[in-house]
Structures are given as structure tokens and as C-alpha cells.
Amino acid sequence: MRHTLATLLTLIAILIAPAAWASDTLHVGIQLEPPHLDPTQGAAAAIPEVAFNTIYEGLLRVGTDDTLHPLLATGWTVSQGGRHYEFALRHGVRFHDGEPFDASAVIASFQRAAAKDSTNIHAEAWREIVAMHAIGPDKVAFDLAEPDGGFPTRLALSDAAIIPPGAVDTLKTHPVGTGPFRFAAWQRGDSLTLDRNPSYWGTPAHLARITFRFIADPNAAFAAIKSGALDIFPTFPAPETLAELGHDPRLSLAINPSEGEVILAMNQRQGPLANLLVRRAISHAIDRRALIDGAMAGYGTPIGSHFPPQSPDYVDLTGVYPYNPALARQLLTQAGYPHGFSLVLKLPPPSYARRTGELVAAQLRAVGIAVTIRNLEWPTWLEEVFLHHQFDLTVIDHAEPYDYDIYAKKDYYFGYQSPAYDALMAQLKASTDPLERHRLLGEIQRRLAEDAANAFLYQAPILGVQDKRITGIWVNSPTQVLDYQAARFAGAGEGASSGGAGLGGRSFAIVVGVVALAGLALAGRRLGARWLLIRIGVLAATLLATSVVIFVLLNVAPGDPAATMLGIDASPRAIAALHAELGLDGPPLARFLRWIAGVLHGDLGTSFTYRVPVAGLVTERLAVSLPLAAGAALLALALGVPAGVLAARHPDTLVDKAIGLIARIGLAVPDFWLGVLLVLVFALGLGWFPAGGFPGREAGLSALLKALVLPVVALAMPQAAILARITRASLGDVLEQDFIRTARAKGLSETAVLWRHALPNAAAPVLAIVGLQIPYLLAGSALVEQVFYLPGLGRLAIQAIGQRDLITVQAVVLLMAATTVVASFVVDLAQALIDPRVARRTGR
Amino acid sequence: MRRIDPALATGAALTALFVLAALIAPLWTPYDVAAIDIAARLQGPSTRHWLGTDQFGRDEFSLVMAGASVSLGVAGSAIAAALALGVPLGLVASARAGWLDDTLMRTADVLFAFPGLLLAILLSAVLGPGAIDAALAIALFNVPVFARVARGAALPIWSADFIAAAQLAGRSRSAIALAHVLPNMAAPIIVQASIQAGLALLGEAGLSYAGLGVQTPAPSWGRMLADAQTLIGTAPRLAVVPGLAIIIAVAGFTLLGDGLARASRGKGKH
């Protein structure tokens, strides 16, 4: 416990220590946080987004022109009709840990990708490599089971990154590659930092540092880019704000096509959706233009099949199912559903999916299909829709390039099956002739459209917003990653950044402990040891009961975190091993005792999502939430108490009534709405404060304070209203009492009466409220943190629920509940010290 | 002549406005709230759309009306459930001094240790976010509130003369509790219920804003505000309107509660 406190204080010291703003640091916004950082062992698109072509590199890369360029390989030859490939490797390249890159690393990488327990997204494809051998250190040969014309292209994708054989076990948390940037730090739930690799084999990067901030929320993304907390947001989640951002002279927009197709996936295993006529009817019922206008603010291109329009192999099939609700109804009648039917549309969290889904549901209702929307978090979506196929419809962006092969997969989530399609895919795979491949790809698209395999909605645009001064970033579109190697700020010199200064946190904690003990001793002397012991006993019992309630509630929560973490193909053995690692094995009582014992030692467990100690996560977040709560408490006191005193001293006057009215209205104002209004006026209108976002420690004290001003005000106002009312009522009662009349009769001045007699007697109820407000400010700030996109404790809890990271939820809830209990204990104590009659009254 | 308390009158009027809108909305709104009209999106206020249209072309006034129903549904059922559970608990605690009273009140303390939002967070971790989870969280938060108020109101009644008379007449404690104590503690409970209803509305709006409450496509003031936040530069009206609706509803209930409290105190003084 003490240790945690010491760490916390050190962190706060680092946080507020001024540091120089480095102009060679790029702040990048990305929507999703990667679950780990090994692109060769996971499907999450966020992994390559931060780690590929930055930390890791492949043998080849895809250029903006959709052609292959050399990277770690300098060239290649193909023979035996596409069955034998030889790659010449770049000489003298080293991994970040100093290990050399050579043929053995390449072979080890692909052996690992193809291994039996591999979670590489293309593991099956890598198993087609029947033999690999080194021809000297700088040349490697691959023999494939079948001729494969697409093999070199696959080597340019992120799951083909070359990894150092000696460091494979820790790549997920400490990635090591050959790229122009090295891994530096990862603040879970908030940001990830990469530093320039000074010994890069090619031209070193211009940027000294890249910080990725994870922002999925459209509001927060808008606030962060508008306030300058981010320099670039390559896949911006709030298309409706682009028109406004485009007018900002500081920013420029980069709107590019992606490889992603947004589809309305239909579970066609059974029911109405197994009927081709119904699927065609649905395709006719959808107005793609309205979806693009309504959900994407007009950005996006309608598609008619599972293929991106910018590809040279694209065939425009949007005319196959033109928007025609009348025809859709007719087809439904023909299919035997003249009165429609009901479907469940399950939507994942991204805003494009939620908005598109809402519009699609309305359009389908218009042709008589009753659609019920269910909004799911990612883990639930993966489990229900992707794994267990418990859905009728879903909206999802298939972002991967060349992913038409999913329609040939056995038992893929939407359940499309077509021998004709499988035959086309087999032909494509066997063909290395570009003209023949072009023809086959056209056939593939037509087949999917003809079968209405899904309803194809629009090509997801890549909506980029960036600071105008940034140059040199090029979009490596087919592989979904940006290349930051040549990125730089125009006119930026070499910036210097300095670390923060530490503080003797431990000694400070000891001082706090001594003060607390002294306070207790004093209270014991004045109020009696028995009273104090009973209070402490009640405190301990309440804390214990609280922890039991939290533990029981969260242990009946559905869903196995280990199964969710390991994903689709996890073996029962792996799940059991992870259970043990996370402390989820054993009977409930043993688990509870283990948890409590850990908590008492400052060990809050390991986060399911991030695989790091929860205590560290909480400490990072407290560095934001504590100053926020403390600032708001002080401001509320500074405004509320004087206002209440003023009103009580002039009872039934205009002043009293005005203060009473303002306080009443203040009580009804939601603090998060007040936050939005403050943003509207003081950030967007007057530009005095940032609209949101937390600039990070390196920004310096003044930037940090500026970022906290509006949230503190929003949080404090309703609390000030409460304090004003309580002060008014309490002081008003006291001022009417006889002893005040006596004091006045003695000839004491009004000020003396107020300070010496009235205020001390009126303080108890005010203190009680303050005691309730402090925990509220810590927990209740979640909404205000959401408005201003601050990485605080409350948002950690909300994020953790989204990720079903129950161990983190458990820890945060326990911490907040404990704060409440301890705060009310301290208030009891303070009240008793001010007025010992309280102790006698409650001392049963 | 008795003067009408302006706070009470304003509170009653605002509450009536809110409840009326909430009751009418399921039967009639100017436009269908599910009808999406992309061509008509983000229009300013006009004679056709009094509060303009939202990002999907839906009529904002109709959405505010429908949002009132959802808010009243969640907050109302939460307060009703909390009353149904909390008042009997408080009454029992007041009737049986000793270990039962202590246990009940300490349990209330434990529940009270969870700030309302936290309770909702905890519940949505277990149940998944939704309107029911929000209502349940708000109800649970309010149970100890009503238990305390009920106990506090009942305790002085037990020592009143007419109770002693009933006891002498040989009636059981539970019969006395129901026939004599409960009716006499109605005033403070109604006052508290009105104030808590205001807080419940605020809680519902907050949960929906955070995405833990009412889910799409059901309209909700909190979510309308969340959806409008990115449009704040182009259509600030969409962020302001749901906030004002929340304030009107919450202020209505709290003013009503204040007014009722003053009225019942005034009666007590005579």
C-alpha cells in the first residue's frame, strides 16, 4: 500500500515537472488499441497500424502504385512454374537488440508462422511452404506445395514480418524488429511510444519519436485533433466533422480509398437469409448513397461486390442491385414472405458500423423486414457473431487486402458456400499469368454479386486529418499501414526533450502515514479509545463487505476472459494455462482470499487485456483523476461555501433568493452537458482552452493545467450548488438559535459572531457533504473525462467494461468504494473533533 | 389568504410538462422517430421541424418527446422499485431495534459505499449495458436512501401516544406498522422520492451518455447529447436541446420536492 502511494507521488511529480516540447515528436491518433505488438501472431488490424514498417519490416513492401518493392530482400527469382522462389537478402541489417538479420532469421520467422500452435492469420498459407533452406547467410529459398503466383505479395503483408528468433517470447509486450523505429513505452489504454532507431540500415527517420494515442470515440478524436493534442489522425472516426476541420487553416485533409469493404453480412445458414431471393431483396432495399451520406458524411464509394474500386482488377457491379424498395418487396413476396419477417442486427462498436446499422435497419423496415438492433462490445461481437454465428445480420468493414478468399473458407461466420466459387479460387491460386488472374478476379466478383453472398455497401474511405506542416508520410494503402520513415514537420529543427525529475515519494508517504497516525491518536484522546475502536472496526467490516460484494458480482459475470483473450482457435490446455497465469483457477473462496491478500500488498492483479499489473494502470490514471477531483473539490468549496454564507447572512433578500435559484438550477445541470457547453464557448468559440485531450507529461505544467481548467469547472459547478444550499440551510438554522442572539447581545461584531460562533456550529453538515463529494468526484468524473477525453480512472473502468477486463473493473471499483468508505470515516472523525457531542450521540 | 409557493408551482408545472410529454410520445409524436430521412438532415428550426432535424433527418422535437418516455420509464421504474424495497426495510428496522436494525442499516451503508455511477458500471460489467441495467443500478443506489428516510421518519412515530394506545389495545407490531406508522410517514418519503426522481433522471442521462444506458435505436437524451457532440461546430443546437430537456425534467422534480418539503414543514409548525 505504501509502495503504491510512493509510486503514485513520484508519478505526479514527473507529470507536473516541466519539459521541453519536442517538435520532432509526431502525435498520431489511432482508433483501436492493439491487444499486443506481434503482427505475426494476431489478427487485430491495430497491431500492424502501429508496429509494421515502423518496428517490424517484411522482405518486400507494397508501394502506393500497388506494386512490390524490395525491403529486407533486395530481389527475387521464381522458377518451376511458380513453385520455387529465391530471395536475396539485404546485407548488414541488425535487429534492434543487436542480433543480425540473415537467412536463419527468415526461416525461423516462417517456421513460427506456420507452426501448429501459430495464431498467424495466414498460418494455413505458410504451411504451403514445404521446404526452406539458406543458400549462404544472404539468400533463402522457398519450395511451395503448389504453384502460387500471389506468394511475393503475401510476403509484403504484416503477418510476414521478419522477427528475431531469440526474442520471440517477449515480442507481444517488447517488440523487436529491423525497422526505422524502436519500441519505447506503452501506457495501456492511452498511448504507445516509438523512438527513432539510430542504427537503421537505411536512411534514418526524421522523427525522433512517434506517440500513438488510442481514441475510438468520434467526439474525443475531434477534440484531440482540433486542440492540437494530435498532429495526425490517419483513420479519423468522425466524418461529419471533416467539413469543419477542412476550414481550419492549421489542418489538411487526406481522403483516400482503403482496401476495406463495409458489408452487411448475412448469416445464410438457415432461415429466410438462406434464400437467394431474400438476400437479393435485401440488396435492392438498401440505398447505398443514403448510407454514405448519412453515416459517412458523403465519404465513401458504393460497391457491388467484395472488391475495392481502386484495384486494377475491379469490376463495377453496383448496377446489379440498384436501390428499388418496390422490387425488394416483390422479391420477398416471391420468396414466400409477403408479410416480411424479423431479423437481429448485431453491431460492433465503431461509429461507422453503429451509424450504418441504424440506417440499414430503417431501410429494411421500409420493405417489411422487422430489424432489431443489438449493440455489442468487441469481445461479445467476436464471440457471438464471429465465433458462434449467433446472428442474422451485422455490419462490418473487411479491412484486409485481397480478402476475397474468406468466401472460400469452410464455415466462415456468414456461412457462404459455393462449389463454383471454390473452383474459381482454386484456378486463381494455380495461375501465375497476370491476364488470366485479372479475368479470374473479375469472375470472382461477379459470382459474389450474383449470389448476393452479402449485401455490399460501400468502400470504407481512409479519412485522414493532419497538421499541414507534416510532410513525407505516404499511404501504403494495400497493407493498411502508414510509412513514417520519411515523415517530418516542415521547418522543424532538432528538438530536445528532457525527462522529469523524481521526488522522494517514499519519504513523503511515510510523512503522510505519521500524520494519519498522529491524527488518530489525537482523536482517540479526545473522543475515547472505545469510540475510535468501534469506528475503525465498522470501517474494516464495511471494507470487507464491500470487497465481497464486488467479488461475487464480477464472478457471476458471463464470459470467460481467458477464452476471449486467446481467441478463436484456443485449445482447452492453453485456456487452463492462462487461467492459472491470471489467477482464475481454484475454488471461489481461495480466489477471493488470494485477491484480498494481493490487494493488501498493493498487488491488484494482472489486467486481462494488457497483461500488465493493474496497480500500474490505476496509478497512471490517478495522475489525471486526482488533480481533476482535487481541483473540482477546491473550486466547489471556494464558490459554494461563500455563496451559502452570503445568502444566510441576508436571509429572504434578493441576494438570498438569487443564490437559491442559481443553486437549484445548478443541481439540475448535468456536469457532462456543462462540459459540452464550455467546449462550445471557451474552446471552439473563443479558443482560450483546448477542447479536450490530455497533452501528456512532456507538454509541461502550463499545458497540463490548461487542459484541466474546463473539466474542473464542469465538474465543480453542480457540487458548488450543493455546497451553497447546504451551507445556506445549516448556517441559517444556526443563526436563528439563542446562543447567537446572546453573542450579538453581548455586543460582538457580526464578523466575530459568524467566525467564532456560527460557522463552527454550521460546519458539520457541510463536512458530511464534502465527504460524500470527494469519492463522487473521483468516480463521477468518468463522464466529464469522457467529454474532454482525459485518461482518468473513471474512463479506465468504462473502457475495461468494453473489453471485459473484469480484473481491472474489480480493482477500480474496489478503490473507489474504499475511497468512499474511508472518506466517510474521516468525515465522522472530523465532525466528532469539531463537536464531541456527535461522538457521544453515535457512540453506541 | 394562503400564498402559493413559487418553487412548488414551478416544480409542479415542469414535472407535469415532462410527464405529459412522456405519456403522449408513445401514442403520438409530430414525426415518426424511427423514420430516417437523409435528405432532410441537419436542418435548422422551422415551422415544419420546431427544433430542426438531427444527423439522420429525424425530427428533433419528436426525439425529445420520445426521450422523455424513455427517461421516465427508466427513472420511474427505478424509483418505484427502490421505494418498494427500501420503505419496508426501513419500517422493519424501525420496528425491531437491535441486531436486525443494525444489520439492515449496516447493509445499507455498504450499498451506499458505491457511488451511483460505479454501481452502474459494475452492473453493466455483469449484465451488459442496457436500459434494464441502468434502471437496476439506479434502483439499487436508491434502496438505502429510502430505507434511511423511512426509518428516520418511522422512529418518532413509534413513540407517539396513539401507537401506545394501539399497543394497549393488543394489536400486533406488524399490524400497527401497516395501519398507523406507514400512513404517517408518507410526507417525508414523497418529498424524498421526488428529489431522488430528479437525481435518477440525471443518472439515466449520464449512463446513456457514457454508452452504459439506453441503446440505439431507442431515443434517449443522454445519447442524443453524445451523438451531437461531434456536430457541435456545425449544429450546436443538437447538443444544447437535450441538455435543456434534462434540466427541465430534473429541476421540475427537485423543485417539486423542495416545495413539498416546505409545505409539509409549514403544516407541522401550525
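Start at 1 and count along the chain as shown; that gives each residue its number.
The backbone N, Cα and C atoms fix where each Cβ goes, glycine too.
As the structure is a computational prediction, the values presented were derived from the model and not from experiment.
For A:622-827, the entry in TrEMBL reads domain 'ABC transmembrane type-1'. The signal peptide annotation in TrEMBL covers A:1-22. The transmembrane segment annotation in TrEMBL covers A:507-524, A:536-557, A:626-648, A:669-691, A:703-724, A:766-789, A:809-834.
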Given a Cβ distance threshold of under 8 angstroms, which distant residues of the chain, six or more beyond its ends, lie next to the transmembrane segment (A:626-648)? 12, 655-656, 659-660, 663, 708, 711-713, 715-717, 719-728, 731-732, 735, 754, 759, 766, 770, 773-774, 777-778, 781, 784-785, 790, 792
Can you work out whether the transmembrane segment (A:669-691) touches the transmembrane segment (A:809-834), with the criterion being 3+ CB pairs under 8 Å where the paired residues are 6 or more apart along the chain? no
For the transmembrane segment (A:809-834) and the transmembrane segment (A:703-724), check the count of CB pairs under 8 Å (sequence separation 6 or more) and say whether it reaches 3 or more. no
Using a Cβ-Cβ cut-off of under 8 Å, list the residues of the same chain that are 6+ residues beyond the ends of the transmembrane segment (A:766-789) and lie near it. 215, 217, 219-220, 223-224, 624-626, 628-629, 632-633, 636-637, 641, 644, 670-672, 675-676, 679, 691-694, 707, 710-711, 714-715, 719, 722-723, 726-727, 730, 795, 797-798, 816, 819-820, 823-824, 826-827, 830-831, 834
